[in-house]
């Protein structure tokens, strides 16, 4: 088994075995359930966009490449920071899926860029894409090897009684400080990634080619993700404020980006009547005789 149940009195055995996390009370169980719901939302979020891209064929025009690169960069740093800062196991699992989904989205974007005869990407974008892709695959392989080398490590919080002299704020270790810093940069990238997409929608005066289900599910997933972190019971002797401080970059990255996603939601409402036709519809219209 991943963890020793003796370190988690009255904890759930199946949660310990499956997620390597201590769930001793109803708050902890609710945190696990919300975390799983968040992962389900993020898994489902990519598929509507994949379908919309195949249906319209204009994904390269609808989505901003800077939005996708910023999203991938934020998710990659989120993954590395979550691992180094010893965040909740579900946070690490979610971060891994983020990176895989982003790589799939970028691959589909590049496919339609080539298919639609678009110009080649500028050198800085090519370099950023290669760097982020190699970094993502390297990080996933390193995390996989690290998890197989030490499978018995219990990364959940220890609920053993804390000695009186250890009560108070939990100090940051050197590794946690590095992870906290990387997580903070990740949150900035998350926030900045939405700005190019908002500008692209505004310039086109359209959201055609973008699936609103992508942003709706991401908003729901981020909400559940943030709530799952907030509901987790702090370690013995650790106050709620100190617990939030240790998870602050990830809370900002999930809950802070909701405001910008709301702006994109309003753009869907504002531009819903002025969406241009899909490639198939435009080709059909061009083939008809001019009745005027």
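Glycine too: its Cβ is placed from the backbone N, Cα and C atoms.
Per TrEMBL, transmembrane segment is recorded for 29-51 (among others).
Within the chain carrying the transmembrane segment (63-84), a Cβ under 8 angstroms from the stretch's Cβ atoms is held by residues 91-92, 95-96, 98-99, 102-103, 105-106, 109, 121, 125, 128-129, 132, 135-136, 139-140, 143, 146, 175-176, 178-190, 192-194, 196-197, 199-200, 209-210, 249-250, 253, all 6 or more beyond its ends. The transmembrane segment annotation in TrEMBL covers 63-84 (among others).
The transmembrane segment feature in TrEMBL is assigned to 90-112 (among others).
Sequence annotations record features per position, and here TrEMBL assigns transmembrane segment to 124-144 (among others).
Sequence annotations record features per position, and here TrEMBL assigns transmembrane segment to 177-197 (among others).
Listed as Cβ neighbours of the transmembrane segment (209-230) (distance under 8 Å, sequence separation of 6 or more from its ends, same chain) are residues 30-35, 37-42, 44-46, 48-49, 51-53, 56, 58-59, 61-63, 88, 90-91, 94, 201, 244, 247, 250-251, 254-255, 257-258, 261-262, 264-265, 268. According to TrEMBL, the transmembrane segment annotation covers 209-230 (among others).
Residues or ranges marked as transmembrane segment in TrEMBL: 250-271 (among others). Long-range Cβ contacts of the transmembrane segment (250-271) within its own chain (Cβ-Cβ under 8 Å, at least 6 residues beyond either end) map to 74, 78, 81-82, 87, 91, 183-184, 186-187, 190-191, 194-195, 197-198, 201-202, 205-207, 210, 212, 215-216, 218-219, 222-223, 225-226, 229-230, 244.
Within the chain, the transmembrane segment (177-197) has long-range Cβ neighbours (under 8 A, six or more residues past its boundaries) at 63-64, 66-71, 73-78, 80-87, 246, 249-250, 252-253, 256-257, 260-261, 263-264.
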